[in-house]
């Protein structure tokens, strides 16, 4: 066993700590159990000391971080359950299964809480699709998500996708799931009741995914290709049966505690449940239903075979459980019992093959506060002299270039592969500011979004992360939803590098600041580190998943222009910032400058104003101004509503900056002519600048600045550029 712990990702110091916990040298199975439970993926050992700065309390919070998912009270004895998780490393190696099992895993996190999943979202990051490998990754990640979600019958209603060079070879696949549960039916993973039986339910256990959690805690390299067995294989039809069987089981009083088997499989589910409950657990591996012959204790304990759950059952109710699972054609086997000594004791063929304290696996992983320093290149990339950027001679071309850029263009090629209408509750479909899903039997709806501009976070992780939170909240407000909770997925490079740790720390502080100011608690989340390729780390990408509550679904608002002659109004102020903008990258090939600065109090006022205007029925459309600036937002609203616009701007800014600056917080709204004065009056009361800039009319976009016509383009030409870009990229050789 020469230094085998190193191969499994443990340091020599960590190995010494294990010896002192056990009072002896661990055997191979025990080393394996510690290696997965103490991996970054399971233990958050580089991020936990920072995560405590996030605000996790709020009047709606029923369950914050620490369980399988977060839970928020939405009234009427109902709660929304939400969680986002990454499946980045598996998707880089085996994109179809990596993405599919990412979806499967996050769905299990939701129904293990007792909730019925109602929606999926996906936040995706890819390299530029100009080579075969990148296209292969994109095609297969999207197909993996689509097939799993479509087969299990849960609508994929939204998400976000960005393409940047930094994600080449290390795509980000962050899957978010949301469910609804009656408040008194929430289930938790807290084992209790000495002598209560422990059952494994669902699929059989095979060799797939062994050591996947430790694999997800390393940088990708050439050798990663050899780790394909670390990627699990998903079966959405099996998961559909498991979902229905579990929800039916929850209607009985047989379940004491339940946990899905995700990363680290039987090891994590057993030690986490036992540790939360302050108890021990004895497991007999001869009773685990296996799908392969000759599996060792190490393999059974570390298998990440999908579609399995571990259940602690009330003593004497085992048959009730078996009856339910038999009906759905699934396994339910009693494999152990709860003990009072706090140990995870694993038995095979009558012999003890592993015996370790549950708490030491689940809670005692070392935590690291790393050294940090500002990256050497940071000062250089933050320099931007606007005078070096010559305004384009042809503004029509500049507009077409910006709206057909990969990050602004329509993502229809992606979301058209998803069934977003299954379950028939989707009220706002993908492609809008936020998705909206009705809650059956009520007037309520939940609005959902994921947001993060990694480029902003690369230029300034503190400000960029605040913008991610602010934009997610603004997107929800645009459809008439009040933001109620965040689930975040922090995607970064190797935290052992000082500049990466600096990015991670500043990003978390930025999220904390924005969530505190906007009063939105973080209820769940995930950290994915070591996201690097040969060139270095990905852009820091703290993806913000957010849910908002709509009390009356009949009052939702969308971004499409509704009526000719409606007046177009910009809310908020253009501060003339173009650092980190899509315009700067697309038209000049530059990723430079400071990201736009954000005043969170200003943001709060704008969001409250938009919610008020929607609630009062005073506006016909609303759309947030972000990537691509005012010009892109205008084109998107026009294309969505199949109506043009005539715009006249008065400004002291340069024409291109007026059109393409991404200064937050801003929104584009349309108002019936007779309601304009009232809207302007209310905006004044909320201290939000509001400027009439034009009207909805015709079939083209015509813009003049300070009396000079600078843009005049038919809507169909713009639509072709905007709608066709990604499809064209994916189909060209």
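For all residues, glycine too, the Cβ spot is worked out from N, Cα and C.
Source: prediction; values computed, not measured.
Annotated range for region 'Disordered' in Swiss-Prot, selecting from 212-232, 233-253, 254-274, 275-295: 212-232. Site annotation (Swiss-Prot): ATP is bound by 44, 83, 488, and the candidate from 127, 441, 525, 536 recorded at this site is 525. Its own atom aside, the Cβ of residue 526 (Mg(2+) 1 binding site) has 24 Cβ atoms within 10 angstroms in the protein chains shown.
Taking CA atoms as the reference points, residue 109 (Mg(2+) 2 binding site) and residue 87 (active site, proton acceptor) are 14 Å apart. Its own atom aside, the Cβ of residue 44 (ATP binding site) has 19 Cβ atoms within 10 angstroms in the protein chains shown. Distance between Cα atoms for residue 304 (substrate binding site) and residue 83 (ATP binding site): 20 Å, as a whole number. A Cβ within 8 Å of the Cβ centre of 44, 83, 488, 525, the residues given for ATP, is found for these other residues of the same chain: 51, 65, 84, 85, 487, 489, 490, 522, 524, 526, 527.
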